[in-house]
Amino acid sequence: MMKCVFVTGTDTDCGKTHVVVSIIKSLQEECLLTCGFKPIASGARAASKADVQSLHAVALGDMVNEDAVRLSNASQLNIPYATLNPYCLEPAIAPHVAALEAGIEVSHTEFDAAFERLRHTHALKTPIHNGKQSAQPDVVVVEGAGGWCVPLNPRETIADWAVAHNMPVIIVVGLKLGCINHALLTAQAVLASGAPLVGWVANQVSAQPMSRQAETLAYLEAHMPVERLVTLGYSPDDTSAWPAPARQRLIKAIGCNRAEASA
């Protein structure tokens, strides 16, 4: 049975995509076929020749989002780009504003349709050890847009969709001044919505650690309502799998069963 986890953040630029890719690689390290899902993204560019080669069902000049491209490249399955990222909006502004300017009505219905297509069998980029050429994903890692309460239209937020599917939620805390307040408020909002909050990731967002980073982490450890899964140092060009103990915390948090893995 396919599992999923929804990754939100304390704010924009907290490093969600970096963390999501590291989660994908960590689950793959545990022999779980894993792919990413970016239901909505703002900030797009024309697909390059390299994108056409690396992405599935993308033509030169199609609009793609850099974060979604990273998720696609990290995934083990050849999933059509439009399934992995159903809403790709050109201006790098709030998604609901970008959609309004483009004359597009963003709806949970399209999220659901794309999410259902993810459940299908897809070709594997590299055949797994038992000779399989195609498989269904064991885990889908969903990356939100901005923070938890980002609106999609005048009536719905991205959080509403995650709650409707009862997705376990992981919060990415970008380690910078103000993150304690942002982290605690985000955790409160997730819990108030009824979504299962299962962990948080501390992510260093600059080459130099924030001032009093150890003290900040200690406070968050003591006051966040769920456990810290891992602390990631600043490594924008190196998105590696987590250490083994952190991977075990991750698997437990999202309820994965390695014995049921496709691989």
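Each Cβ is built from the backbone N, Cα and C atoms, and glycine gets one as well.
Copied over from TrEMBL, here are the features:
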ACT_SITE  LYS38  active site
BINDING   ASP13, CYS14, GLY15, LYS16, THR17, HIS18, ASP67, GLU143, GLY144, ALA145, GLY146, ASN203, GLN204  ATP binding site
BINDING   THR17, ASP67, GLU143  Mg(2+) binding site
BINDING   SER42  substrate binding site
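Cβ neighbour count for LYS38 (active site): 27 (other Cβ atoms within 10 Å of its Cβ, all protein chains included).
Non-local contacts of ASP13 (ATP binding site) by the CB criterion (under 8 A, 6+ apart in sequence, same chain) comprise GLY174, VAL205. Reported as a whole number, the C-alpha separation between SER42 (substrate binding site) and ASP67 (ATP binding site) equals 10 Å. Same-chain residues at least 6 positions away in sequence with a Cβ under 8 Å from that of GLY146 (ATP binding site) are, in sequence order, GLY9, ASP11, THR12, ALA94, PRO95. The sparsest Cβ neighbourhood within 10 Å, among the listed binding-site residues (THR17, GLN204), is found at GLN204.
Nearest by CA distance to GLU143 (Mg(2+) binding site), out of the binding-site residues THR17, ASP67, GLN204, is THR17.
For the pair GLY144 (ATP binding site) and LYS38 (active site), the C-alpha distance works out to 7 angstrom.
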